[in-house]
Every structure is written in structure tokens, then in C-alpha cells.
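Working notes, structure below.
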Amino acid sequence: MDRVLHFVLALAVVAILALLVSSDRKKIRIRYVIQLLVIEVLLAWFFLNSDVGLGFVKGFSEMFEKLLGFANEGTNFVFGSMNDQGLAFFFLKVLCPIVFISALIGILQHIRVLPVIIRAIGFLLSKVNGMGKLESFNAVSSLILGQSENFIAYKDILGKISRNRMYTMAATAMSTVSMSIVGAYMTMLEPKYVVAALVLNMFSTFIVLSLINPYRVDASEENIQMSNLHEGQSFFEMLGEYILAGFKVAIIVAAMLIGFIALIAALNALFATVTGWFGYSISFQGILGYIFYPIAWVMGVPSSEALQVGSIMATKLVSNEFVAMMDLQKIASTLSPRAEGIISVFLVSFANFSSIGIIAGAVKGLNEEQGNVVSRFGLKLVYGSTLVSVLSASIAALVL
């Protein structure tokens, strides 16, 4: 009963926070919101509680385990005994496999398997979310291709997309993650929470956006043609491009981690020193924990653990999900399984401030005017995407 009450409270909080920034409350279609919510709760139960769902998750994680094993073969060849001895563990074991996974995605894209999957799942989503096919295709392609390369598939129509639809596309990209780094997440979190979050975020995105950014799509706007990302390229040209793109992602993540972890350590020391003058000695992350404490509690985290979880939530928002996942690993043994599951689901998304620049830059490279539009609603993007993570984690809490 306590879980149900927490869930109802979480729904109310998410709804109120979404309605506060809604562009047009009169256009909200409650039927689709309820429809999506029911489907999402059922999917959460399926993936986190049912034998069939857990079996699927196990099979999915075992597949990624094998892929990571293949990736290690390449890493071992280049770095040799460093990998076997556990040296530079995070870069070699977590980030380097991104190169191999990226290459696989490129192959599946080149042989036209991924476009078929994107269109099939997108078509089904469009039947239940009350939005257009473009939004539904974009949700699936964002999950597979990532928040920056995803927009290349729509480069020919970006200039024709309305402001409302542009917000939906950008928010969807920020609320999901790229399949190329799912393997990296699975080395840091329990695989079942990663898989559940991938599915839940897709539905939570449409629920939150139905409240924040409601609109109707005209029939004339539905003639969408996705571009072939690598038209005219040979197989090996494409493969080389995806391998280099994967390595670039690994290097960027490594650089971001170095910078953010160092910055947070400096801020922790500064805040501890300043607050120490008043006899408290509270770190920067400790202060953020107090700010996010009520949100963590509303999501269903036990009050005794909400401060720790709130601190990790805030760390993810101001830095990125990798920094937050590393912090979670340090305290995971002190958390209850319920709290660990809730925060794990929350962390699996790109909802943070640095993503504003990534998405705006990607769009601006294809269409400068639309890139400026995305930049202008950057803070609203992070706000909406964070609500998506809160909703997904709250739904997971209901069935954990």
C-alpha cells in the first residue's frame, strides 16, 4: 500500500511540475497519457518481476557480455597485459568496448536492418502515443543511434519541422541513451535495471511531453522520409567511420570524466572548507543531496537513503551519468536493493546540462536556424528530460 501511495504522489508531482511549464494545457489529451502509463506499468512489471521478462533480460545481458568479450580481444591486442592486470580498468573495460559496439551498429545500419526495426517499432508507438510517426521513429532511432547522429537521419526535413516537434525530437534524444554505450552501463549497473530503463524511458518521454509540449500533427506533416545515413559509401568506408566515431565517443567520455570528477572534487573541498568555518563541513555533493532529497523520497527511495540517492541524482544532472554511476558503485553495498534499483533506472539517460550543447551542436551542424531554436529551449529540455527519468524511476519503484 505504501508503494502505491508513493507512486500516486510521484505521478502528482511529475504532473504538476510538467503542467507548470506546459506550452498549451488545453491541447493535452489525457486519454493517451493514461494509455501510455498503463502500458508502462505493465512493462515495468514484465521486465522486473515476471519470469519471462527476467529471462529476456538475462538473455539480453548475456548477449552484451559476449559482445564485450569480443571487444576485449581487440583491447588485449592493443594494450596487452595492461587489460589483463586490471590497469586503466575503466578506460579499457568500460569505454574501449564502445568502439566495437559502434562498429556493429554501423553494419546493421548499412545492411538496412536497423531502419526496418526503427520503422516497425516507431509505427507501433505512433498508434498508442497520440503523436506523429516522426516523433515515434525518432524515439527508436535515438535509442539506437544516439543523441547526435540520430538527427542526421532527418537532415533533409529539419528545416520544415515546427518548433513544437523540434522540442519533442530533442527531448526524446536527451531522455534516451545510445545502444553503443549500453554495454558500458551494464558493467556498472545491474543489467535488468538498464534494460528496464531503456524501455520505460521511451514511454515516460511521451507521457511527460504530452503534458509539457502538447500539439496536434497535421496530415500534411506526416509524409516523413528518413535519409539514408551513409548513402553512396562502400561497406569499409562506413565501417571505418563508425569505428572512429566509437573511439571518439570513448575519448570524449574519458575527457568529460577527468574534467567533471576533478571539478566536483575541488567543489567538495571548497564547500567543506567554507561550511567548516561555521562548524558544519558539508561537501558540494552533500548540499546537492539535500536539494534532491525530497525528489528521491517521492520516487520511493526510503527516507534513510534518500540523501545519498539525492546526491547521486544531482551529480548526474550537473555532470553526466557515468560520473553518477561511479559514485553509485562506491555506495551500492550500503543501499537497499529497492533504493539501488530506483536510482539505477534514474541514471540511464542523457538528461544533464552538457547534453544541451551536444544536441544543439548536432542540429546546428545540419540546420543553423533549428540549432538556434534548440539552444533557446535548452533548460526546458533538461527540465523535461529529468522529469522523464523521475517518472521512469517512480514506475520501477512501484514493482520493485
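Glycine is treated like the rest: Cβ placed from N, Cα and C.
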Same-side flag (membrane), M238 vs V374, source Swiss-Prot: no
Average model confidence [pLDDT] within the topological domain 'Cytoplasmic' (58-86): 77
DSSP helix/strand/coil residue counts for the topological domain 'Periplasmic' (108-168): 47 helix, 0 strand, 14 coil
Outside the topological domain 'Cytoplasmic' (363-378), six or more residues from its ends: residues with CB under 8 Å to it: 151-152, 155, 158-159, 161, 163, 166-167, 170, 356
Residue distribution over DSSP helix, strand and coil in the topological domain 'Periplasmic' (25-36): 10 helix, 0 strand, 2 coil
Spatial neighbours of the transmembrane segment (342-362) far in sequence, C-beta under 8 Å, 6+ residues away: 147-151, 170, 173-177, 185, 189-190, 193-194, 196-198, 200-201, 256, 296, 299-301, 309, 312-313, 316-321, 324-325, 328, 335, 371, 374-375, 378-379, 381-382, 385-386, 388-390, 392-394, 396-397, 400
Of 37-57, 193-213, 251-271, 282-302, 379-399, whichever stretch has the most CB pairs under 8 A to the transmembrane segment (87-107): 251-271
